[in-house]
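Novice: Here it is, the structure in full.
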Amino acid sequence: MAAAPPCRSRPRGRGCAGPRGGAASPRAGARRSGGGLRECTAAVVGLGRRGQWHEACRTLLQLRREGPRPDVTLCNAVVSACGRSGQWSSTIAVLTDARWQGLWPDLFTYGASTSACERSGPWAVALEALRSAAAWALLPDVVLCSAAMGACGKQGEWLQALQLLLAMPTGSLQPDIIAASAAVSACERAGRWECGLTALEELHRSALRPDTVACSAVASACEKAGHWLQILGLLMGMRRFSTRPDVVLCNAAISGCGKGDQWGWAAALLEAAREAGLQVDLVTCSSAISACDRGGQWRSALESLRSMLRLQLSPEAVAHNAAISTCEKCRRWEQAVGLLEDMRSNGLRPDLVSHGAVGSAYEKVGEWRLSLQLLADMHRRGPGQSVVIYNTAVAACEKGRQSGRALVLLRDVRRMRLDPDVVTFGASVAACEKASRWEAALGLLAELPMQGLQPSAVIWNSATSACEKGRRWRLAIFLLGAALAWGLLPNAVTYSAAVSACEKRKRWEEALGLLAEMWRVDLEPHLIACSAAVSACENGQRWADAVALLAATHLLGLRPNAQTCNAAVSACEKDVRWGLALGLIQGMREARLELDWVTYTAAARACSRGSGWGLVLGLMEEMDRDRLDPDATACETALGACEETQRCERALALLSQVERGTFRVLE
């Protein structure tokens, strides 16, 4: 790798002959040219200040043709003019031409050429200029080395910059803070925050005090890498350097804490900056708002926005959008809408990001009417339309069970020539599923490939669930098998929907088959699938299978709910297994499940069919203790038990309850 050449101690005079020999000294040139050359040099300096580097080069060429002969001072002025305009190739051309003309370029010539490369040229050319200066017996100074390091840093050559810094002492040069800052900035641009921190420590050990620029560069590198802890360490270490942080470093620290989800530290740094008398700016407050956005702290975000107004800073759209996004994540749609209106009242034009965040806030709370109103406002006021915002409106309609409006929005997306994506179709299919519109759900599923979209597992599950709610068990099982053809692996949700579809049509054999298939493919059955299978067995009068499945749920670590247990009790009732029914009730009590009138009624019927009249009356008394109203079936069963056991008083009490109308009437 190229590094600074070894420097030779030599006087820096201009009047010595170069390697080509015969070069005229500048003093001799000045005597021959008189005042004309000085006037030309002054004119070239003026051209450089005005950015007219072309004219400066033309002046040099004209002097070469017509005289007086240019000297190094005039060449330096031309090099400086080209360098000011970032014309690094022209500076190198003038430098090379000066050598061919027998002139002796000085440190200013090489420094201006290197500075031009620092602004816009290749780093290798800057290093070549540094080597060339040493070859011409010139001792590169700190300014020249700093410019070369800056050129390396701007093009990501951080290692070259560090090597130059380390080579300076070998050439009897003591690095100053400018040179060190150039090396640190090179590390920052390359994201080498570790090397930047090491360079700062080396500066401190070399009795140099790192300035704010160097510390800010390292903090910026740490911020880009998300190393917020290192930034805080740097801030505390600046006390050792006796360096006072500025607002740029504070901004990097707040932004780094935000990226690390440390919104508390970000807020504390903002408060500390104010107390230290730093003039916080838009970037400071915007970084604090973004940190609050990542941390979901909507109150802190709004307070930071208000602080910007108190400081007479005009918040930009980015700051408002971050605050709106924070409110959206926290489901504070009222505050999000208020911020949107504030943007308009402050003369800002809300963009698609602003509207998208508000639309997402509406979607999270199911405010479908407001979502549709937002779309209407965007049609009227701008800023155009986006499929992302339509997606939030479709999802809001889905949560509000407005399947018809969701499908209308999907048609609007096509009409406006916006490309619907998987999210659009997913929300639309979910809306159809909630409304039991299985035909529409399958139609959307079939349309996905025609749009060049791959169905997701979520969409497939929604379509299967739509078939389940529509009692289309064959279609549900078909979708289960077709998922593999689309490269989708059916999960527990898919199987549960198919099992529930079979249960609704009393297809207990298919339900048990699907449950067995879940075990074969190493899928742990979901409680919904097990409950549906128990209900299917109850409908098919398969009490043994129902009880076995209920026991299996315990072995799988699942906690059956009251509905599952009720289905098993009902299955026992249909086969007059009253002992098992009572055992299941006891198990429900031990599991602290709430028994309802369905549980008691099924158990009472099982006992009555087994002539357990005393047990029937005992169950009715337990219903009274649980403050449950018996339904007509339970009353009929209890009256039969009273008749068989000749409990006239109990029968009269039940009849009185019937007259008061307090019993539950089955629909």
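Placed from the backbone N, Cα and C atoms, the Cβ positions cover glycine too.
The region 'Disordered' annotation in TrEMBL covers 1-34. Sequence annotations record features per position, and here TrEMBL assigns repeat 'PPR' to 71-105, 141-175, 281-315, 316-350, 421-455, 491-525.
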Novice: Mean pLDDT, the repeat 'PPR' (491-525)?
Specialist: 87
Novice: Six or more residues beyond either end and a Cβ under 8 Å away: which residues meet both conditions relative to the repeat 'PPR' (421-455)?
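Specialist: For the repeat 'PPR' (421-455), the nonlocal Cβ contacts are 387, 390-391, 394-395, 397-398, 401-404, 406-407, 409-410, 413, 462-463, 465-467, 469-470, 472, 475, 486-488.
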Novice: Mind checking which residues of the chain, 6+ beyond the ends of the repeat 'PPR' (491-525), have their Cβ under 8 Å from one of its Cβ atoms?
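Specialist: Same-chain residues near the repeat 'PPR' (491-525) but 6 or more away: 457, 460-461, 464-465, 467-468, 471-473, 475-477, 479-480, 483, 532-533, 535-537, 539-540, 542, 545, 549, 556, 558.
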Novice: Using DSSP, what's the helix, strand and coil tally for the repeat 'PPR' (491-525)?
Specialist: 26 helix, 0 strand, 9 coil
Novice: When DSSP states are grouped into helix, strand and coil, how many residues of the repeat 'PPR' (281-315) land in each?
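Specialist: Summed over the repeat 'PPR' (281-315), the classes give 27 helix, 0 strand, 8 coil.
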Novice: Cβ under 8 Å to the repeat 'PPR' (316-350), counting only same-chain residues 6 or more beyond its ends: which ones?
Specialist: 282, 285-286, 289-290, 292-293, 296-298, 301-302, 304-305, 308, 357-358, 360-362, 364-365, 367, 370, 382-383
Novice: With DSSP, how much of the repeat 'PPR' (71-105) is helix, how much strand and how much coil, in residues?
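Specialist: Helix, strand and coil residues of the repeat 'PPR' (71-105) number 26 helix, 0 strand, 9 coil.
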Novice: For the repeat 'PPR' (421-455), give the DSSP counts of helix residues, strand residues and coil residues.
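Specialist: Breakdown, helix to coil: 26 helix, 0 strand, 9 coil.
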